[in-house]
Amino acid sequence: MTLRFVEACKLPNRFGVFTLHGFEDTDTGIEHLAITHGDIADGTPVLARIHSECLTGDSLFSERCDCGYQLEAAMRQIVAEGRGLILYLRQEGRGIGLLNKIRAYKLQDEGADTVEANEQLGFPADMRDFGICQPMLAHLGVKSLRLMTNNPRKLESMRQHGLMVVERVPLQVGRNPHNTDYLDTKANKLGHLMKPAVAYRAPHRKADGGASAPERETA
Ligand SMILES: Nc1nc2c(ncn2[C@@H]2O[C@H](COP(=O)(O)OP(=O)(O)OP(=O)(O)O)[C@@H](O)[C@H]2O)c(=O)[nH]1
Ligand SMILES: [Zn+2]
(Lines of atoms letter the chains of each structure in order from A and count residues from 1; the text may use other names and numbers.)
(Lines give C-alpha, C1' and ligand atoms only; values in the text may rest on other atoms or scores of the structure.)
(Ligands and ions follow the chains in the order given, each with its own letter.)
Protein backbone atom coordinates (compact mmCIF):
# COMPACT_ATOMS: atom_id res chain seq x y z
CA MET A 1 0.00 0.00 0.00
CA THR A 2 1.69 3.20 -1.17
CA LEU A 3 0.45 6.61 -0.22
CA ARG A 4 0.98 9.81 -2.18
CA PHE A 5 0.20 13.16 -0.59
CA VAL A 6 -1.19 15.51 -3.23
CA GLU A 7 -2.13 18.85 -1.61
CA ALA A 8 -3.79 20.51 1.37
CA CYS A 9 -6.16 23.48 1.55
CA LYS A 10 -8.41 25.29 4.01
CA LEU A 11 -11.84 23.77 4.65
CA PRO A 12 -14.09 26.16 6.52
CA ASN A 13 -17.46 24.61 7.34
CA ARG A 14 -20.38 25.09 9.72
CA PHE A 15 -18.32 23.84 12.65
CA GLY A 16 -14.99 25.59 12.26
CA VAL A 17 -11.97 25.95 10.02
CA PHE A 18 -10.27 22.70 9.10
CA THR A 19 -7.45 21.76 6.77
CA LEU A 20 -8.29 19.26 4.05
CA HIS A 21 -5.41 16.99 3.00
CA GLY A 22 -5.71 14.97 -0.20
CA PHE A 23 -4.00 11.61 -0.65
CA GLU A 24 -3.93 8.87 -3.24
CA ASP A 25 -3.43 5.18 -2.60
CA THR A 26 -1.23 4.62 -5.65
CA ASP A 27 -1.85 0.87 -5.65
CA THR A 28 -5.60 1.29 -6.14
CA GLY A 29 -5.98 4.90 -7.34
CA ILE A 30 -8.45 5.51 -4.48
CA GLU A 31 -8.45 9.06 -3.16
CA HIS A 32 -8.56 9.47 0.64
CA LEU A 33 -8.87 12.56 2.82
CA ALA A 34 -7.63 13.82 6.15
CA ILE A 35 -9.53 16.67 7.77
CA THR A 36 -7.51 18.28 10.55
CA HIS A 37 -7.95 21.07 13.04
CA GLY A 38 -5.36 22.70 15.29
CA ASP A 39 -1.86 21.49 16.11
CA ILE A 40 -1.97 17.72 15.83
CA ALA A 41 1.75 17.07 15.46
CA ASP A 42 2.94 18.03 18.94
CA GLY A 43 3.35 14.39 20.01
CA THR A 44 0.40 14.22 22.40
CA PRO A 45 -2.59 11.92 21.69
CA VAL A 46 -4.99 13.37 19.14
CA LEU A 47 -8.80 13.15 19.22
CA ALA A 48 -9.53 11.29 16.01
CA ARG A 49 -12.30 9.80 13.92
CA ILE A 50 -11.55 7.19 11.27
CA HIS A 51 -14.64 7.51 9.15
CA SER A 52 -15.60 5.24 6.28
CA GLU A 53 -17.36 6.91 3.39
CA CYS A 54 -21.16 6.81 3.50
CA LEU A 55 -22.46 8.97 0.68
CA THR A 56 -26.05 8.40 1.72
CA GLY A 57 -25.51 9.34 5.36
CA ASP A 58 -22.71 11.88 5.05
CA SER A 59 -24.06 13.81 2.05
CA LEU A 60 -27.71 12.84 1.49
CA PHE A 61 -28.88 13.09 5.10
CA SER A 62 -29.97 9.43 5.21
CA GLU A 63 -31.35 8.26 8.51
CA ARG A 64 -30.86 4.58 7.67
CA CYS A 65 -27.52 4.70 9.50
CA ASP A 66 -25.67 6.88 12.01
CA CYS A 67 -22.73 7.92 9.79
CA GLY A 68 -23.74 11.51 9.05
CA TYR A 69 -24.52 12.15 12.68
CA GLN A 70 -21.18 10.68 13.74
CA LEU A 71 -19.28 12.79 11.21
CA GLU A 72 -20.97 15.95 12.42
CA ALA A 73 -20.51 15.10 16.11
CA ALA A 74 -16.83 14.33 15.49
CA MET A 75 -16.27 17.70 13.82
CA ARG A 76 -18.02 19.51 16.64
CA GLN A 77 -16.01 17.70 19.31
CA ILE A 78 -12.72 18.32 17.52
CA VAL A 79 -13.43 22.04 17.26
CA ALA A 80 -14.54 22.14 20.91
CA GLU A 81 -11.19 20.58 21.91
CA GLY A 82 -9.23 22.88 19.63
CA ARG A 83 -7.44 20.03 17.83
CA GLY A 84 -8.14 16.72 16.19
CA LEU A 85 -8.45 14.88 12.93
CA ILE A 86 -10.75 12.83 10.75
CA LEU A 87 -9.42 10.30 8.28
CA TYR A 88 -12.14 10.08 5.64
CA LEU A 89 -11.59 6.75 3.93
CA ARG A 90 -13.23 6.01 0.61
CA GLN A 91 -14.50 2.56 1.44
CA GLU A 92 -18.18 3.07 0.85
CA GLY A 93 -20.63 0.50 2.15
CA ARG A 94 -18.08 -1.21 4.42
CA GLY A 95 -16.01 -1.74 1.30
CA ILE A 96 -18.63 -3.15 -1.10
CA GLY A 97 -19.12 0.14 -2.95
CA LEU A 98 -22.07 2.46 -3.42
CA LEU A 99 -24.05 0.48 -5.97
CA ASN A 100 -23.73 -2.73 -4.02
CA LYS A 101 -24.80 -0.82 -0.90
CA ILE A 102 -27.96 0.20 -2.74
CA ARG A 103 -28.49 -3.48 -3.55
CA ALA A 104 -27.96 -4.29 0.14
CA TYR A 105 -30.42 -1.59 1.18
CA LYS A 106 -33.02 -3.05 -1.20
CA LEU A 107 -32.60 -6.43 0.50
CA GLN A 108 -32.96 -4.68 3.86
CA ASP A 109 -36.15 -3.02 2.59
CA GLU A 110 -37.38 -6.59 2.05
CA GLY A 111 -36.47 -7.79 5.54
CA ALA A 112 -32.79 -8.74 5.64
CA ASP A 113 -30.58 -7.15 8.27
CA THR A 114 -27.38 -5.31 7.34
CA VAL A 115 -25.19 -8.41 7.76
CA GLU A 116 -27.58 -10.81 5.97
CA ALA A 117 -27.89 -8.38 3.06
CA ASN A 118 -24.14 -8.31 2.50
CA GLU A 119 -23.99 -12.10 2.73
CA GLN A 120 -26.87 -12.58 0.30
CA LEU A 121 -24.88 -10.49 -2.18
CA GLY A 122 -21.83 -12.71 -1.66
CA PHE A 123 -19.83 -10.29 0.48
CA PRO A 124 -18.54 -10.60 4.03
CA ALA A 125 -20.26 -8.36 6.59
CA ASP A 126 -17.31 -5.98 6.57
CA MET A 127 -14.71 -5.74 3.78
CA ARG A 128 -12.85 -2.70 5.01
CA ASP A 129 -9.08 -2.40 5.23
CA PHE A 130 -7.64 0.24 7.54
CA GLY A 131 -4.01 -0.24 6.45
CA ILE A 132 -3.87 3.16 4.75
CA CYS A 133 -4.30 4.93 8.11
CA GLN A 134 -0.73 4.27 9.19
CA PRO A 135 1.00 6.18 6.36
CA MET A 136 -1.64 8.92 6.47
CA LEU A 137 -1.02 9.50 10.18
CA ALA A 138 2.74 9.29 9.69
CA HIS A 139 2.46 12.02 7.06
CA LEU A 140 0.48 14.16 9.51
CA GLY A 141 3.02 13.59 12.29
CA VAL A 142 0.48 11.89 14.56
CA LYS A 143 1.75 9.16 16.88
CA SER A 144 -1.20 8.26 19.09
CA LEU A 145 -4.98 8.57 19.01
CA ARG A 146 -7.99 9.01 21.21
CA LEU A 147 -10.31 7.29 18.78
CA MET A 148 -13.97 8.19 18.46
CA THR A 149 -15.70 4.90 17.69
CA ASN A 150 -18.10 2.28 19.01
CA ASN A 151 -16.49 -0.48 16.95
CA PRO A 152 -14.06 -2.73 18.85
CA ARG A 153 -12.94 -4.36 15.57
CA LYS A 154 -11.79 -0.98 14.33
CA LEU A 155 -9.70 -0.57 17.49
CA GLU A 156 -8.20 -4.01 16.97
CA SER A 157 -7.47 -3.25 13.33
CA MET A 158 -5.67 -0.03 14.32
CA ARG A 159 -3.49 -1.98 16.71
CA GLN A 160 -2.75 -4.62 14.10
CA HIS A 161 -1.52 -1.85 11.81
CA GLY A 162 0.81 -0.57 14.50
CA LEU A 163 -1.21 2.46 15.54
CA MET A 164 -1.38 3.49 19.16
CA VAL A 165 -4.90 4.09 20.46
CA VAL A 166 -4.69 5.31 24.05
CA GLU A 167 -8.40 5.80 24.56
CA ARG A 168 -11.74 4.94 23.01
CA VAL A 169 -14.12 7.88 22.94
CA PRO A 170 -17.70 6.61 22.37
CA LEU A 171 -19.57 8.27 19.50
CA GLN A 172 -23.15 7.24 20.00
CA VAL A 173 -25.42 9.68 18.20
CA GLY A 174 -28.18 9.63 15.62
CA ARG A 175 -30.54 6.85 16.71
CA ASN A 176 -33.89 7.44 15.04
CA PRO A 177 -36.91 5.35 13.98
CA HIS A 178 -35.29 4.50 10.63
CA ASN A 179 -32.04 3.07 12.01
CA THR A 180 -33.07 1.38 15.26
CA ASP A 181 -32.92 -2.15 13.82
CA TYR A 182 -29.68 -1.33 12.00
CA LEU A 183 -27.97 -0.06 15.16
CA ASP A 184 -29.24 -3.03 17.14
CA THR A 185 -27.82 -5.39 14.50
CA LYS A 186 -24.47 -3.60 14.69
CA ALA A 187 -24.49 -4.11 18.46
CA ASN A 188 -25.72 -7.72 18.38
CA LYS A 189 -23.94 -9.14 15.32
CA LEU A 190 -20.92 -6.88 14.82
CA GLY A 191 -20.12 -6.25 18.48
CA HIS A 192 -20.49 -2.47 18.47
CA LEU A 193 -20.39 -1.03 21.97
CA MET A 194 -23.72 0.74 22.33
CA LYS A 195 -25.00 1.85 25.68
CA PRO A 196 -28.80 1.52 25.91
CA ALA A 197 -28.95 4.51 28.22
CA VAL A 198 -27.86 6.87 25.45
CA ALA A 199 -30.42 5.52 23.04
CA TYR A 200 -32.08 8.00 22.11
CA ARG A 201 -32.41 11.67 21.62
CA ALA A 202 -33.36 14.39 19.23
CA PRO A 203 -34.40 13.71 15.63
CA HIS A 204 -32.62 16.74 14.23
CA ARG A 205 -29.08 16.19 13.13
CA LYS A 206 -27.93 19.62 14.21
CA ALA A 207 -29.16 19.33 17.75
CA ASP A 208 -28.01 15.75 17.98
CA GLY A 209 -24.60 16.35 16.52
CA GLY A 210 -24.02 19.03 19.08
CA ALA A 211 -24.94 16.72 21.91
CA SER A 212 -23.17 16.45 25.19
CA ALA A 213 -19.44 16.11 25.67
CA PRO A 214 -17.97 12.72 24.78
CA GLU A 215 -17.80 10.01 27.36
CA ARG A 216 -14.33 8.64 27.85
CA GLU A 217 -13.08 5.13 28.18
CA THR A 218 -9.63 3.72 28.31
CA ALA A 219 -9.18 1.57 25.23
N1 LIG B 1 -22.82 -2.78 3.23
C2 LIG B 1 -23.41 -1.90 4.02
N3 LIG B 1 -22.69 -0.85 4.43
C4 LIG B 1 -23.28 0.03 5.25
C5 LIG B 1 -24.62 -0.09 5.66
N6 LIG B 1 -24.92 0.95 6.45
C7 LIG B 1 -23.80 1.71 6.53
N8 LIG B 1 -22.82 1.16 5.79
C9 LIG B 1 -21.43 1.58 5.65
O10 LIG B 1 -20.79 1.29 6.87
C11 LIG B 1 -19.64 2.11 7.00
C12 LIG B 1 -19.63 2.62 8.43
O13 LIG B 1 -19.45 1.50 9.23
P14 LIG B 1 -20.23 1.24 10.54
O15 LIG B 1 -20.22 -0.25 10.76
O16 LIG B 1 -21.54 1.96 10.52
O17 LIG B 1 -19.42 1.93 11.68
P18 LIG B 1 -17.90 1.81 12.00
O19 LIG B 1 -17.21 2.86 11.21
O20 LIG B 1 -17.41 0.42 11.86
O21 LIG B 1 -17.92 2.07 13.56
P22 LIG B 1 -17.97 3.46 14.28
O23 LIG B 1 -16.56 3.95 14.31
O24 LIG B 1 -18.50 3.18 15.62
O25 LIG B 1 -18.87 4.33 13.46
C26 LIG B 1 -19.74 3.16 5.92
O27 LIG B 1 -18.82 2.80 4.88
C28 LIG B 1 -21.18 3.03 5.42
O29 LIG B 1 -21.30 3.34 4.03
C30 LIG B 1 -25.35 -1.22 5.21
O31 LIG B 1 -26.52 -1.46 5.56
N32 LIG B 1 -24.71 -2.09 4.38
ZN1 LIG C 1 -23.99 5.33 6.81
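The backbone N, Cα and C atoms fix where each Cβ goes, and this holds for glycine too.
In TrEMBL this protein carries:
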DOMAIN    8-170  domain 'GTP cyclohydrolase II'
BINDING   Arg49, Ile50, His51, Ser52, Glu53, Gln70, Glu92, Gly93, Arg94, Thr114, Thr149, Lys154  GTP binding site
BINDING   Cys54, Cys65, Cys67  Zn(2+) binding site
ACT_SITE  Asp126  active site, proton acceptor
ACT_SITE  Arg128  active site, nucleophile
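Taking a Cβ cut-off of under 6 Å from any atom of ligand 1, the recorded positions Arg49, His51, Cys65, Arg94, Asp126, Thr149 reduce to Cys65, Arg94, Thr149. If you take the CA of Glu53 (GTP binding site) and look 10 A around it, the recorded positions you hit from Cys67, Asp126, Arg128 are Cys67.
Of all the recorded positions given, namely Cys65, Cys67, Asp126, Arg128, those whose Cα is no farther than the 10 Å limit from the Cα of Glu92 (GTP binding site) are Arg128. With a cut-off of 8 Å between CB atoms and residues at least 6 apart in sequence, the same chain places His51, Ser52, Cys54, Thr56, Gly57, Asp58 near Cys67 (Zn(2+) binding site), listed in sequence order. Regional average pLDDT for the domain 'GTP cyclohydrolase II' (8-170) in the model is 97.
In the vicinity of ligand 2, defined as a Cβ distance under 6 Å, none of the recorded positions Arg49, His51, Glu53, Arg128 are placed. Of all the binding-site residues given, namely Arg49, Cys65, Thr149, none has its Cα within 10 Å of the Cα of Asp126 (active site, proton acceptor). Within 8 Å of the centroid of the Cβ atoms of Cys54, Cys65, Cys67, where the record puts Zn(2+), the same chain has further Cβ atoms from Thr56, Gly57, Asp58, Ser62, Arg64, Asp66, Gly68, Gln70. Each of the recorded positions Arg49, His51, Arg94, Arg128 was scored by the number of other CB atoms within 10 A of its CB, and the lowest score belongs to Arg128.
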